[in-house]
Amino acid sequence: MKGLDMPMLLLTCHTSNYLVRRYFAVFTQQPTDLVVVSGQPVTLPCSIPGYHGMVLWLRDGMALGVNRDLSGYPRYDIVGDHSKGEYHLLIQRTEMQDDASFECQAIQAAIRTRPARLTVLVPPDDPVIVGAPVVSLRAGDPLNLTCHADNAKPAASIIWIRNGQVLNGAIYSKTLLRDGRRESTVSTLYLSASNIETGQRITCRASNKAVPNGKDATVTIDIQHLPLVNLSVEPQHILEGNLVKFHCSAKANPPVIHYRWAKGGNIIREVSGDTYEAIVDHSFFTEPVSCDVTNALGNTNISRNVDVYFGPRMAAEPQSLQVDQGSDAIFNCAWTGNPSLTIVWMKRGSGVVLSNEKILTLKAVRQEDAGKYVCRAVVPQVGVGEKEVSLTVNGPPTISSTQTQQALYGEKGQIKCFIRSTPPPDRIAWSWKETVLESGTSGRYTVETVSTEEGVISTLTMSNIVPADFQTIYNCTAWNSFGSDTEIIRLKEQDVFRTPICNLIHNASIGCSLTYDFFEICFRKEITFSHFFLSFLKSFRSSLLKH
């Protein structure tokens, strides 16, 4: 083992006919991820000291050849000292097909290197500007320049340069080619008429990692002369409903042929001269008035908005909301107006300003936040506008009922349970003692439920009230998908007008045989004293006559 560069493990296996020996080798050099420009050479290392078996290089899983025989790939060579176990892969001139994953394998040792990614960069072709070397346009027209740089990997970046300054605002796009690796890039530069001059030179520079300094193409701008136009507005500030005058002055060579007016892109056919008069409304603030002047070379168009003062106009109408309790409620209310308007959000019935922004956000709303909200817009010294919306809060039911309710002994009695609930309650139940009743009739008890605009009223009706009813605790419970609420209600005997004379009549009835009806008058009916006294006299007189 002294001749080896590193220690190795020798395994010996005795059989009846022969002795088998196998060395376990390891890689001392393995290929790593590399980036190379197309056309440049690159070497991928692979060293297995002391190994004398077959070595195989693979590209994207495909075998290239065994040991140093890569005859099928003329650009590939195996280099290095064979006696030291060096099987380095040399690629003399990298191409796109070399953009792949490479792996070195020792067949008899049954080991392989980690995969190494070889990334091949390709510089773009020379950039080309459409229309170069000279692009002609008419004065007043915008300039659109298109430059493309093809067959690059990665895709080329394109910048535009004028007088040593980079121009911003270009639109950039790229297209993947059929080989799935290279890309072509297109950049379009837009320059307004006021931003270009005749004789200017504009450069398109394309670059990528393969050619960081870039490649240039240059174009010269040639501007022809069209009408030079100025559009004035008098007065410059005006209240909605008043007269405004537009004047279009033009210098042109050759002379002006005609004028054309438009508002918001719609042609005003009844006007053909250099002056346009109109009664303005709010639309003149957002829809510009344009004057188009034409000569033999073409036309020039210029437009102006009018600074019209107008009251609030709704641009985005707020919508009523229904949200769950604990969620955020967000209202959006957009107004337009001139001069600048002020927005105020308030809850109806409250003087508290909640927001001065077009968006009102109520965080983690509670049921008491439900109600009407007002978005008001104010344009100083011009006008006011407002819009009302509703907020409905979904949450568990809330019961608001009198905890002690009254009834007459022996009569029909009722206790009521008032429930506010959004969404409406799924279930309402009355319970007392061992009884639970949601609807219908059970013995002396009947449950009825009525919906109103304010909520739901559930009524428990008891026929022929008995003393035990005044000792019973009644539970009214309502449920919906958010939870439940319970109210405990007691029944109290209702006071009845009862004077000492009733006690007198009650005692006298024993000896005078007063009728049962008279007894009822005293103890079961609410009557005034005068009515009771007349009844007493009649009954007493009748009793005396019998005896």
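Backbone N, Cα and C define each Cβ position, glycine as well.
Since this is a predicted model, take the numbers as computed values, not measurements.
Going by TrEMBL, these are the annotated features:
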DOMAIN    7-119  domain 'Ig-like'
DOMAIN    127-220  domain 'Ig-like'
DOMAIN    227-307  domain 'Ig-like'
DOMAIN    312-392  domain 'Ig-like'
DOMAIN    397-492  domain 'Ig-like'
For the domain 'Ig-like' (7-119), the DSSP helix/strand/coil residue counts are 6 helix, 51 strand, 56 coil
Checked against DSSP, the composition of the domain 'Ig-like' (127-220) is 3 helix, 60 strand, 31 coil
Across the domain 'Ig-like' (312-392), DSSP labelling yields 3 helix, 50 strand, 28 coil
